[in-house]
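Asks: Handing you a structure now.
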């Protein structure tokens with residue numbers, strides 16, 4: 001933004017040209033796509049940072065259980081999140097930057113939401129094949145000092161199998177309940193009998209009560225599984241996390257030493273009446289809880305995971321003697337299964353409409369309106385989905401791109417690029433990828449795209465080439481921040497807790513960078529025959545994955 005303002009007194013840009021991006025139609029379409037992506041179910045639509053943040057605790061806990069260093073798993077997690085973002089236009093903010101700039105500069109270029117998958121899917125498959133094959137050999141077995149002090153709080157929760165659940169008559173192994181990262185199935189209560197540490201071949205029935213212990217993110221994921229409901233026992237009302245109203249949220253509260261709750265059973269306290277809250281799960285330090293929540297006698301230091309009216313509950317109990325600590329849990333979004341079908345139809349209609357030639361902004365507006373009318377999203381959800389720093393960056397990108405064109409910098413760099421590439425499509429695509437990657441590692445990926453877009457466009461126009469392969473190359477290269485810890489935010493998130501060193505990124509990420517350069521350039525140069533890459537890479541990965549997993 002600061003660079004954009006500098007261009008005005010230098011008379012490179014007029015005020016209108018500098019701020020044109022903030023009123024651009026493509027900019028509005030991008031903002032609406034952020035809202036629509038709020039209801040997406042697949043990792044290709046999710047922001048990388050919250051996805052990785054959600055997965056770190058269960059992966060650390062899982063690594064402890066299988067006696068494996070977290071360093072073997074955390075960097076692959078970061079890289080996999082980056083790769084997943086290359087499969088759809090809204091999977092990465094840099095994709096949206098390229099899309100919005102192309103909508104203005106190359107109006108004839110039409111790209112639907114999934115079209116980038118032509119390149120993104122082979123790139124993702126190739127990247128995953130690399131991760132499966134070489135992570136064990138190239139990543140260090142190193143225990144961070146943070147891991148030794150990092151012990152995620154484990155909650156005890158009891159869930160009951162519904163009569164209509166698909167889990168009925170399945171064994172624990174078949175249901176996969178003994179393989180959930182960050183979770184341990186402690187016991188199953190059936191009528192008056194209790195089965196401690198049930199084996200994988202234990203067959204479950206309706207109304208079985210399953211007691212789990214696990215880290216917070218894994219516990220919350222468990223409550224979202226279809227066919228399981230929070231156990232309801234005498235004096236403890238059942239709460240459905242998938243039907244929370246707008247004001248309700250999840251709260252963690254630690255019982256104070258002198259609290260009136262100490263030595264009282266949950267059933268006696270009538271939480272719903274007196275505290276306007278409902279207990280979901282309980283953590284007790286160094287002790288397993290093996291009784292129904294309603295019958296549990298609370299103790300000082302117990303940590304309660306509750307559903308409450310967030311702002312009122314936190315303000316009321318923050319400074320009283322009942323709780324030593326009260327905090328609202330940010331970012332929990334319950335799965336609204338009753339709305340899932342409607343949301344899927346609306347998003348699918350947007351995708352189909354865009355593919356059939358409907359303007360992206362029109363399709364996105366109708367989808368956004370439909371999601372709000374059908375209450376798949378609340379107005380607050382829509383406002384929260386607007387990532388303002390990214391939107392400002394995209395808007396400013398129009399002005400910076402215009403400045404490079406007006407000053408002649410774009411043409412000059414394009415000529416240098418063509419000199420290095422020998423004016424061949426293969427050479428130009430390769431140089432574009434390498435230059436974008438270098439800029440992404442040196443600055444930020446959004447800034448790299450802003451600089452390279454006008455250069456790539458000038459090179460394509462001077463050689464009378466289709467710009468679409470160049471656009472796809474910019475999207476792929478800007479998401480390829482594998483070689484340094486600062487290459488992307490998720491790399492930084494796993495750096496300390498994984499005990500990594502800079503050289504680990506160079507060794508493990510550098511080879512991946514070269515491998516994906518080959519695949520990306522190969523697919524984009526032969527984009528008319530993209531299906532051939534799919535036919536080669538996908539079967540190879542499917543065939544080798546079981547073999548590699550056993551090594």
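Just so you know, the numbers here start at 1 and follow the chain as drawn.
Just so you know, glycine gets a Cβ as well, placed from its N, Cα and C.
Note that the structure is a prediction, hence the values are computed from the model and not measured.
Sharing the record's features from TrEMBL:
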- 144-228: domain 'RCK C-terminal' (DOMAIN)
- 236-323: domain 'RCK C-terminal' (DOMAIN)
- 26-52: transmembrane segment (TRANSMEM)
- 73-93: transmembrane segment (TRANSMEM)
- 113-134: transmembrane segment (TRANSMEM)
- 345-373: transmembrane segment (TRANSMEM)
- 425-458: transmembrane segment (TRANSMEM)
- 470-493: transmembrane segment (TRANSMEM)
- 505-525: transmembrane segment (TRANSMEM)
- 531-549: transmembrane segment (TRANSMEM)
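Context for these features, please: burial, neighbours, distances.
Replies: Residues of the domain 'RCK C-terminal' (144-228) grouped by DSSP class, helix first, strand second and coil last, total 17 helix, 30 strand, 38 coil.
Restricting the average to the domain 'RCK C-terminal' (236-323) gives a pLDDT of 78.
For the transmembrane segment (470-493), the residues of the chain that approach it from at least six positions outside its boundaries are 48-49, 52-53, 56, 75, 77-79, 81-83, 85-86, 92, 94-95, 98, 102, 106, 109, 111, 116, 118-120, 123, 428-429, 432-434, 436-437, 440-441, 445-446, 448-449, 452-453, 456-457, 459-460, 500, 502, 505-506, 508-510, 512-513, 516-517, 520-521, 524, 527, judged by C-beta separation under 8 angstroms.
Distant neighbours of the transmembrane segment (505-525): 75, 79, 118-119, 122-123, 126-127, 130-131, 134-135, 138-139, 425-426, 429-430, 433-434, 437, 469, 472-473, 476-477, 480, 482-485, 487, 491, 533, 537; these residues of the same chain sit at least 6 beyond its ends, with a Cβ under 8 Å from one of its Cβ atoms.
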